[in-house]
Structures are given as C-alpha cells and as structure tokens.
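Taking it in order: structure first as structure tokens, then the write-up.
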Amino acid sequence: MKSGRFIGVMSGTSLDGVDVVLATIDEHRVAQLASLSWPIPVSLKQAVLDICQGQQLTLSQFGQLDTQLGRLFADAVNALLKEQNLQARDIVAIGCHGQTVWHEPTGVAPHTLQIGDNNQIVARTGITVVGDFRRRDIALGGQGAPLVPAFHHALLAHPTERRMVLNIGGIANLSLLIPGQPVGGYDTGPGNMLMDAWIWRQAGKPYDKDAEWARAGKVILPLLQNMLCDPYFSQPAPKSTGREYFNYGWLERHLRHFPGVDPRDVQATLAELTAVTISEQVLLSGGCERLMVCGGGSRNPLLMARLAALLPGTEVTTTDAVGISGDDMEALAFAWLAWRTLAGLPGNLPSVTGASQETVLGAIFPANP
C-alpha cells in the first residue's frame, strides 16, 4: 500500500486561489506538513467565469484554457516544493481536483467537467498525478459530488457526538457524521459565490473582507424570500450544484423585481441567504451537537455569527479548533483521495452521492521512472 508524502491541489468554485497542501498519508493517519495559496491571474479567472456562465468559446480557446490551468497548478506545486526544499522523488503523487467549469449530474447524459491538463502537471513537476476524480461516480449513477464527506468521516467522526462538517467555498456543502447512521452529505446551495460575484461587480473587490459591506447593509426580506423559493433548496438529497446554476445571472433575475436597492443591502441579503439555507438543511437533517466549518466562509464573521444564532444549542466552530486548517481542508482531501486511488481503495460514498456502488476514483497520470 502506497504511503508517504502526497500533495493535494484544489481550485474551487470561489476562484480565490489555488490551494496546495503537503501531507504524510498512510492507512493510520493524515498529517499535514505545509501549505500555500497560489494566485490565479485575473485573465484566467475571468475566462473560467465566462465559461461557467455559458459564454461560447472555440475549441482552441477551450484547449488553451485547459493547458494554462495545468501549467498554473504545476507552478503552484513547484513553489511548494521549493519552499520545503523537496524534490520530485520525495513525493508519491499529486491529487489534483482540477477547475470545475460545468457540473450537470442529472438529465439524459449526466456529466461533470474539471479542466487543468494533468499531463502538463506531470511534465512540469516530474510527479505522478491522480485526477479526474468525479466522473466515475457519475458513470455509476451518482452526483459525482460531494466527495469530501468520506474524508471528513475518516478524520472527524466521533463515536457518540452528532457532528456535521460544513465547507463554505463558492458552494456550501454539508457532511453528516451521525453515530449509527450512514455518512450523508450534499451541496446546500451558494456559499461565497453570489456574495463574491456581487461585490466584484459593484466595488471591484474579490470578496467582502470581514463582511464589512454586508454588515453595513440590511437584509431585504422580500428579496430573500424570493430567492428561497428556488426549487434547488427544497430538492431532496443526493444533490449537488455549482456556478453553472448559482451565478450572477441567477442573481440578476431575482434583482429585476427590486430596482434601485442599496448594493450593501443586497450584500447583506446574500449573506443571509447562505446562512439560512445552510441552517435549514442542518435542522432538516436532524441537527447536530457540533458544526465544524471550513473553507473561505469560515473567515466571514457575519456568516459565523448568523449560523450560531440560527442554530441554538449547536456548537458552531471552525475545523481549526480540531487541528485542521479550514483553508486547506479540500486540498488535503484530494491528497487523501489520491492515496486511496493508488492503494486501490474506493473514494466515494454511495450514501452521499447516490452512486450504485463504491468505486476507486480518478485516473492516474504516471511520471517517468
């Protein structure tokens, strides 16, 4: 069974940077050693946003974007190796999620698409890469997401305490770690995605630092109620979503009925939308004693305060409190999934994704001996 140093690479729907994590992994433990966040050039970020919102592009443009993202991921890995004074031979493999540009797990031909050419990563780092983690689960009738609940269960489940892990990235997803029950998990809806999109369009800022804009505004209740009527929120699990659904166009369609509103009030309303949709799903799933939050949203003081207020009797904390950096959780999970793939172990949970069976995930891109 492969064990040793693994690297996880994650570029999520928030597009706030490439997260790279170095960890030692074996069948008994996962020990994080180092991490860094690598910037995404504005031009690449905009290209990804455009494709996620349905903008047409040529096959040549698509191929170039795939290559450019692969090179970006390789640069991020090499930066971490240099920082840690490590060589390619010191790493067993890289687990690279890729950049999701479309996720449509239902319909006549369900599919999901993550780009960032793994061949570029192998060629530029000299390290074996495991990627394309989601499509095997979809081929077996699953949603292909979320995949991180299996990792949450391995690291954070408790024999007696009802726990849930909440990742607030661009999309928010919940892992249900309830003693005596199968692991559950699904996307609750927008996390930071709509908040980030709004402040970017209105103020040219990548995100609402410390929720300053949202805290300066007031929740527009009719707008909130209008958005809460979206059918996704009442759809039963298993379910997953992404930027191709909850994007700026989605927000604009709701704002048409509310002309002339204060932009800060919209920001406050979007923060409340995220908090309410998450808390409702926690309660619908039977509640928990401890909600451990990770992802960029765990740094949003307004979101954390609203979750605590909406979930009385639940201890709302970050995963940092149990020794796992909330910023690195997903990248660490894909390092772990790469280890499982190389070990021939399943990486999905049918109770989460709805797949017909457990399966080994991903494709292996071997480095030269």
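Including glycine, each Cβ sits where the backbone N, Cα and C put it.
Feature annotations, reproduced from Swiss-Prot:
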- G12, T13, S14, L15, D16, G17, V18, D19: ATP binding site (BINDING)
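Most buried of the binding-site residues L15, V18, judged by other Cβ atoms within 10 Å, is V18. For the recorded site, S14 (ATP binding site), the DSSP three-state label reads coil. Shown are the binding-site residues G12, G17; of these, the residue with the fewest other Cβ atoms within 10 Å is G17.
Ranking the binding-site residues T13, S14 by C-beta neighbours within 10 Å puts T13 at the top.
In the three-state DSSP scheme, D19 (ATP binding site) falls into the strand class.
In this structure, the binding-site residues under consideration are D16, D19, and the one with the smallest number of other Cβ atoms within 10 Å of its Cβ is D16. Within 8 Å of the centroid of the Cβ atoms of G12, T13, S14, L15, D16, G17, V18, D19, where the record puts ATP, the same chain has further Cβ atoms from M10, S11, I40, G169, G170, G296.
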